[in-house]
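Only one structure is covered here, and it is reproduced in the block below.
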Amino acid sequence: MDSISLNKAQLEMVLRGAQGLCALITFGTSTVVTGIAAGDFAFLVSYNMLAFAILYVVFVLYQKKVTLSLKTTAIMDATGGLFVFVAAIWLIASKAFAYCHASSCGGAYACVVFLFVGTFIQAAAVYLAYIQLYRRRDTEEPTTIESPTVLQ
């Protein structure tokens, strides 16, 4: 195993660990705002991101029982990032903050902050898959096509 693939594996493990930690914090703090539609959506999105991070680390990175193409990984990360971003925007625009004061909504504020942090982590995961996908294309040998000689 060369150093580039080892560094890539370590970077991806750190990225998925940060994704899982952020999703765990969001999952815990979103229970403060459940009961309204935006809070329930944030709760479900954070649960799905936590489950995805755990399953990805276990089956793709650690046990290597599942192999995903880079394009599939990028699409899954982009979709997850979009859902996390929508949950953050929906929660911050909801009436959840109208019913509380500055001292009683710490969990709701933390939920919104970590939803936005999760969005940036998902964007980093998409970027990592993107640069791997296009770096691989650049390093492949170009194909040459030999044309038949034209008789005159």
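Each residue, glycine too, has its Cβ placed from N, Cα and C.
Annotations in TrEMBL come from automatic prediction, not curation.
What TrEMBL annotates here:
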type: TRANSMEM; residues: 21-38; note: transmembrane segment
type: TRANSMEM; residues: 44-62; note: transmembrane segment
type: TRANSMEM; residues: 74-94; note: transmembrane segment
type: TRANSMEM; residues: 106-130; note: transmembrane segment
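Sequence-distant contacts of the transmembrane segment (74-94) (same chain, at least 6 residues past either end, Cβ-Cβ under 8 Å): 33, 36-39, 41-42, 45-46, 48-49, 52, 68, 108, 111-112, 115-116, 118-119, 122-123, 125-126, 129-130, 133.
Counting residues 6+ beyond its ends, the transmembrane segment (44-62) has Cβ neighbours under 8 Å at 9, 12-13, 16-17, 19-20, 22-24, 26-27, 30, 68, 76, 80, 83-84, 86-87, 115, 118, 122 in the same chain.
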